[in-house]
Amino acid sequence: MHPPAPALLIINGKGAGNEEVRLAVQKLRDENQTLHVRVTWEQGDAARYVQEACQLGVATLIAGGGDGTINEVAAALAALPAKGRPVLGILPLGTANDFAMACNIPLIPEQALRLAVKGRAVPIDLAKVNDQRYFINMATGGFGTRITTETPEKLKAALGGVSYFIHGLLRMDTLKADRCEIRGPDFHWSGDALVIGIGNGKQAGGGQQLCPDALINDGLLQLRLLTADELLPTLIASLFNDEENKNVIGAALPWLEIDAPHEMTFNLDGEPLKGRHFRIEVLPNAIECRLPPNCELLGQTQSSQ
């Protein structure tokens, strides 16, 4: 019987003291799993550890953290040549863990680590923005972006994903639309947008399904935007139910361009990017990721195999 293929865990510094993670790592090592561990301290560390992982010849690179950590590791993997590229594994340790939750990845560290090293590897899409930045889960613009950026760390630590919603309710007085124009294949819209979601994954902001039809292996991004032609009570209802609403506009596109007369901010898996022009395109089958059989972000082709 062959020994398990080696893996490297890149863990966000905030989770380095997690006792459950330490015990899970030790348990796998006791089962002869070669598992290297590296801890990030500042921006760019994850990318450097990805290069080290290639030198070590690991089969799996595990991102231990929230959506931002997964983003950084996935982006560094996408920049590698396909031949010999490690598979992405995920250990959810963030505040909301939106991508992991939508994939049905276990939140218990030992279960997540076992999936990350032994699970089925499937090709998944990534999205690229302005030919320089990536996202694996979602890009959000408008009011929702300001809320996730401004939610205090102490509130996030105490309440988790629901903190975004609570902070949003407290900041409704600052509700302001972004005027912009959005174009894509057979799609054109211009006007004032309160919330813009461009999903490779389904949910953001602590479990809110902003792009409920998105899949990570269909070669498309789901655009969903909420226009400003809306009264506040109806706006809140529109964000949290599936009822038809003429002010909720959606499309499935392989690429789209957004232009604004003023500077806008988009959150790419929680990391801000400012600008007046954004070109966002899907990269089909960009990397491989170890996912559970019941992953709800995979289309029928993959999930039924």
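Cβ atoms are placed via backbone N, Cα and C, with glycine included.
According to Swiss-Prot, the feature domain 'DAGKc' maps to 2-134.
Just so you know, the Cβ of Thr95 (ATP binding site) picks up 22 other Cβ atoms within 10 Å once every protein chain is counted. Positions annotated as ATP binding site by Swiss-Prot, on the basis of sequence analysis: Thr40, Gly66, Asp67, Gly68, Thr69, Ile70, Asn71, Glu72, Thr95.
Contacts of Leu220 (Mg(2+) binding site) defined by a Cβ separation under 8 A and a same-chain sequence distance of 6+ are given as Ala252, Leu253, Pro254, Val282, in order along the sequence. According to Swiss-Prot, the Mg(2+) binding site annotation covers Leu215, Asp218, Leu220.
The secondary structure of Glu271 (active site, proton acceptor), as reduced to three states from DSSP, is extended strand. Per Swiss-Prot, active site, proton acceptor is recorded for Glu271, and the stated evidence type is sequence analysis.
Around Thr69 (ATP binding site), taking its Cβ as the centre, 26 other Cβ atoms fall within 10 Å, counting all chains. Across the recorded positions listed here (Asp67, Asp218, Glu271), the residue whose Cβ sits among the most other Cβ atoms within 10 Å is Asp67. Largest Cα-to-Cα span within the ATP-binding set Thr40, Gly66, Asp67, Gly68, Thr69, Ile70, Asn71, Glu72, Thr95: 17 Å. In the predicted model, residues of the domain 'DAGKc' (2-134) average a pLDDT of 94.
Taking the centre of the Cβ atoms of Leu215, Asp218, Leu220 as the Mg(2+) site, the nearby residues of that chain (Cβ within 8 Å, site residues left out) are Asp125, Ala214, Ile216, Asn217, Gly219, Leu221, Gln222, Ala252, Gly299.
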